[in-house]
Amino acid sequence: MPFTQLQTELDERAAQGLLRSRRTLESPQSPHIVVDGKSYLAFCSNDYMGLANHPHLIAALQQAVLQHGVGAGAAHLVSGHSDAHHRLEQRLASFVGKPAALLFSTGYMANLGTVQALVGRGDTVFADKLNHASLNDAMLLSRAEVKRYRHGDIAQLEQLLEQTKNGRKLIVTDTVFSMDGDIAPLRELLALCERHDAWLYVDDAHGFGVLGEQGRGSLSHFGIDSPRIVYMATLGKAAGVFGAFVAAEPAVIDTLVNHAHSYVYTTATPPALSIALLESVNLIEQGAALREHLHRLIEKLREGLADLPWKLMQSDTAIQPLLIGDNLQALKLSEGLRQRGIWVAAIRPPTVPQGTARLRITLSAAHSEADVERLAEALHELAR
Ligand code: PMP
């Protein structure tokens, strides 16, 4: 039989509690989702500002589709680049304080394309060990030498930089670590870049829209700015829609337009999405009340879960992982919550290191305080 070996491997994964599967949502993304006809209180989306289902964005997209149609129909460099894309790029660049920006179809593609375009054979990429999988794949694709440093370990990174004499040096890091919720020490990383003539590529997938003044992201959060920084953020998380962008010096952006394969060789995103995203940036900019509410929820969750046998990892962001350790126990807890009408994803290796399976609780400004209380009560019940 073909594929018997694949099936055996899948069966082995299942026995270890590592098989991944999907559930089908029968409702829009929101804190209240419907799966298999049953409604759940969900704590697993990255819709941090609750915009994925926002009436202004829905209206903007409906209107934009009438004007721009549903598809771009071509790659950007052929005939797919529309004025809607162009306006969004300009708005995003000025919003995050960079001279230029470039839209990518997804964050995954932005990471692949940018790292691959900026470094190659003979260069070195320095990467935090807990970086997102897309950054790891990007480094491999680039063919640069890869040097990974322990999570947040600036001293080790400095040693690695000192040992590297030739070629371009690119430090790549998540800003908010996607499975941990903690924030990279960007100020220290930038100082290292200046001392060692390196560039800093930051993946702000989980910071854009929620961190910094008016949600301008992690650079604003730390009050840093430098032409050495190449900034990337996604538009399918706090911005609630889809896509990603890189913002940087014009020479970087023009290099990407010419050399980033995941930009050049793919169809542009539907221009109507860019129109919706222009509205989304407005909502983010004016979203101080949503961000304050989100912070109250984070505090409430941390207080509410303080005396559980499992501990929340150290995090001030909307990503609040509850460390369980064992894969099967993490699955069992996730299942226990599900039986109580609550949806929280169990994250297991290889997404996280062995022995650190966790419930990745994510909060959204669309949650209420009562939602957080319900989650805390259910976890206490399961602990008993
Ligand atoms: N970087 C990080 C840190 C992420 O968490 C994600 C999404 N999980 C991505 C990149 C990829 O973004 P996208 O979903 O837009 O491909």
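Every residue gets a Cβ built from N, Cα and C, even glycine.
Automated prediction, rather than curation, is the source of TrEMBL annotations.
Under the heading substrate binding site, TrEMBL lists R20, H132, T351. Positions annotated as domain 'Aminotransferase class I/classII large' by TrEMBL: 40-379. The pyridoxal 5'-phosphate binding site feature in TrEMBL is assigned to G107, Y108, S178, H206, T234. Annotation comment: TrEMBL describes K237 as N6-(pyridoxal phosphate)lysine.
Sequence features, as recorded in TrEMBL, placed on the structure.
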| residue | record | CB count, 10 Å |
| --- | --- | --- |
| R20 | substrate binding site | 9 |
| G107 | pyridoxal 5'-phosphate binding site | 24 |
| Y108 | pyridoxal 5'-phosphate binding site | 19 |
| H132 | substrate binding site | 22 |
| S178 | pyridoxal 5'-phosphate binding site | 24 |
| H206 | pyridoxal 5'-phosphate binding site | 28 |
| T234 | pyridoxal 5'-phosphate binding site | 26 |
| K237 | N6-(pyridoxal phosphate)lysine | 28 |
| T351 | substrate binding site | 17 |
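Taking CA atoms as the reference points, R20 (substrate binding site) and G107 (pyridoxal 5'-phosphate binding site) are 22 Å apart. Cα to Cα, K237 (N6-(pyridoxal phosphate)lysine) and H206 (pyridoxal 5'-phosphate binding site) are separated by 7 Å. Taking CA atoms as the reference points, S178 (pyridoxal 5'-phosphate binding site) and H132 (substrate binding site) are 7 Å apart. When pLDDT values are averaged over the domain 'Aminotransferase class I/classII large' (40-379), the model yields 97. Of the recorded residues, H206 (pyridoxal 5'-phosphate binding site) and T351 (substrate binding site) place their C-alpha atoms 16 Å from one another. Rounded to a whole number, the distance between the Cα atoms of Y108 (pyridoxal 5'-phosphate binding site) and T351 (substrate binding site) is 15 Å.
Each of N46, H132, S134, D203, A205, G236, K237, A244 belongs to the same chain as G107, Y108, S178, H206, T234, is absent from that list, and has a C-beta within 8 angstroms of the C-beta centroid marking the pyridoxal 5'-phosphate site. Under 6 Å, Cβ to nearest atom of ligand 1: this is the test, and of the recorded positions R20, G107, T234, K237, T351 it is passed by G107, T234.
Of the recorded residues, G107 (pyridoxal 5'-phosphate binding site) and H132 (substrate binding site) place their C-alpha atoms 11 Å from one another.
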